Amino acid sequence: MQRSNHTVTEFILLGFTTDPGMQLGLFVVFLGVYSLTVVGNSTLIVLICNDSHLHTPMYFVVGNLSFLDLWYSSVYTPKILVICISEDKSISFAGCLCQFFFSAGLAYSECCLLAAMAYDRYVAISKPLLYAQAMSIKLCALLVAVSYCGGFINSSIITKKTFSFNFCCENIIDDFFCDLLPLVKLACGEKGCYKFLMYFLLASNVICPAVLILASYLFIITSVLRISSSQGRLKAFSTCSSHLTSVTLYYGSILYIYALPRSSYSFDMDKIVSTFYTEVLPMLNPMIYSLRNKDVKEALKKLLP
């Protein structure tokens with residue numbers, strides 16, 4: 001730590017444990033999870049690109065979600081693996097900044113993508129005859145582009161504000177990556193304006209997409225209840241089940257960490273929940289979107305010899 005300018009040149013990531021046996025076990029687990037994430041998401045992207053039956057608005061967005069999950073997991077896992085097997089737990093100031101920027105940008109983008117998918121499901125169920133016109137590839141591309149651009153613009157704002165603080169107290173982060181809350185805890189100076197910005201971005205990038213998702217599902221439920229046959233209603237709900245599962249798991253994790261009152265906040269619980277949405281969920285998403293999907297299964301059969 002450089003005392004002359006009262007800031008730090010690197011941070012120390014404590015990770016999960018200091019026990020060598022546990023660290024080795026965690027290394028094997030995280031390597032296995034990351035391998036499945038890479039294989040699952042890469043396979044889904046290849047299937048969507050290669051099979052003409054999957055060249056639809058829904059799969060266009062699903063493919064982008066797989067790409068995002070692949071990128072998202074890759075932001076964290078290499079450093080986690082190093083922390084698990086190396087005595088050097090440090091990450092440079094620049095490395096921490098980059099990890100923070102990409103993790104925030106991808107998290108914001110995923111919230112918007114999930115909202116776009118909810119709208120896609122609403123159009124598919126409520127206006128099936130006009131689906132191709134209402135959800136054109138151009139519109140899907142625009143929704144994806146807005147999701148990424150909006151996510152990373154907002155990420156650049158919070159990143160610049162976060163790393164403009166002086167970290168003059170300690171450089172030890174009680175986490176396995178450079179997350180917002182542990183960094184804010186280390187920062188010195190007035191944080192009133194920062195907290196306002198933090199909650200504003202939380203509201204605009206997480207809560208607003210969540211409201212849009214809820215609104216879409218309210219309209220979906222209304223449309224489904226108008227379907228006369230029980231088989232038709234079941235098929236309509238089945239169409240939304242994979243997306244609803246993904247939304248519940250992702251938003252449940254995000255809101256638990258960032259919207260929970262500070263009086264009940266725990267860094268240990270934060271690590272567990274963060275592990276779920278940064279490592280486990282990107283691995284599960286390809287399974288969630290493909291296990292019950294006949295089109296994906298057929299495309300996989302064609303791809304395999």
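Every residue, even glycine, has its Cβ placed from backbone N, Cα and C.
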Looking only at the topology recorded in Swiss-Prot, are H55 and S230 found on one side of the membrane? yes
C178 forms a disulfide with which residue in Swiss-Prot, given the options C84, C96, C98? C96
Cβ neighbours of C178 (disulfide bond) where a neighbour is any other Cβ within 10 Å: 26
Taking the Cβ of C96 (disulfide bond) as centre, how many other Cβ atoms lie within 10 Å? 24
Grouping DSSP H, G, I as helix and E, B as strand, the residues of the topological domain 'Extracellular' (86-96) number 4 helix, 3 strand, 4 coil
According to DSSP, which kind of secondary structure is C178 (disulfide bond) found in, if we only use helix, strand and coil? coil
For the transmembrane segment (240-260), sequence-distant contacts whose Cβ falls under 8 Å of one of its Cβ atoms, 6 or more beyond its ends: 107, 110-111, 114, 117-118, 121, 125, 180-181, 202, 206, 210, 213, 217, 220, 270, 273-274, 276-277, 281, 284-285, 288-289, 292-293
